[in-house]
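**Q** Checked TrEMBL, it gives:
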DOMAIN    19-195  domain 'Heme-copper oxidase subunit III family profile'
TRANSMEM  20-41  transmembrane segment
TRANSMEM  61-82  transmembrane segment
TRANSMEM  94-110  transmembrane segment
TRANSMEM  130-153  transmembrane segment
TRANSMEM  174-194  transmembrane segment
């Protein structure tokens, strides 16, 4: 009886550095606590939160969701291209992801302007306070993510050799961007849709 060749065991690999994952998990825990506080206050005054929610532009929230989902797809394609040493494709994908992120910022600026113009400021009531805190914190993370994507783009544009350390940095940056996307995937329905 002869045995066929067994497939080589795939090495399990955690993308990025361990420190990046500690930061991401810590950050997500902070957001989870903020989500819990939001839900607690919403439960105490559901009519106030429903009235505030009714003033939000769901279309802009949905557009931002699409922008971030597409940007994450571009980042995945960019990482896969880098693994195949297709640096130009990877560079284009990271640039497209960043442009989607900039689009998110523009849409959010219009959304904030619309809310503030209608007198819906963070001091107006608990709903708007949490709306601006949660979406503002997310926006801050997105801006950091755009800086990370800029660093990744510059890494791809440089002539330096792709060492395992540089590749791991690239992976860590993409993981951070995916975290920003994931946080929005929770925030959008929580603030805009769930009643």
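Each Cβ is built from the backbone N, Cα and C atoms, and glycine gets one as well.
Automated prediction, rather than curation, is the source of TrEMBL annotations.
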**Q** Where among 61-82, 94-110, 130-153, 174-194 do we find the most Cβ pairs under 8 Å to the transmembrane segment (20-41)?
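**A** By the under-8 Å Cβ criterion, the transmembrane segment (20-41) pairs most with 174-194.
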**Q** Can you name the far-off residues of the same chain, 6+ from the ends of the transmembrane segment (174-194), with a Cβ under 8 Å from a Cβ of it?
**A** 15-16, 20-21, 23-24, 27-28, 31, 35, 38-39, 53, 56, 58, 61-62, 64-65, 68-69, 71-72, 75-76, 78-79, 97, 130-131, 134-135, 138, 141-142, 144-145, 148-149, 152
**Q** Near the transmembrane segment (61-82), which residues from the same chain, at least 6 beyond its ends, have a CB less than 8 A from one of its CBs?
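**A** Same-chain contacts beyond the ends: 89-94, 96-98, 100-101, 103-104, 107-108, 111, 149, 152, 156, 162, 167, 170-171, 174, 177-178, 180-181, 184-185, 188, 191-192.
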**Q** Where does the mean pLDDT land for the domain 'Heme-copper oxidase subunit III family profile' (19-195)?
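**A** In the predicted model, the domain 'Heme-copper oxidase subunit III family profile' (19-195) has a mean pLDDT of 94.
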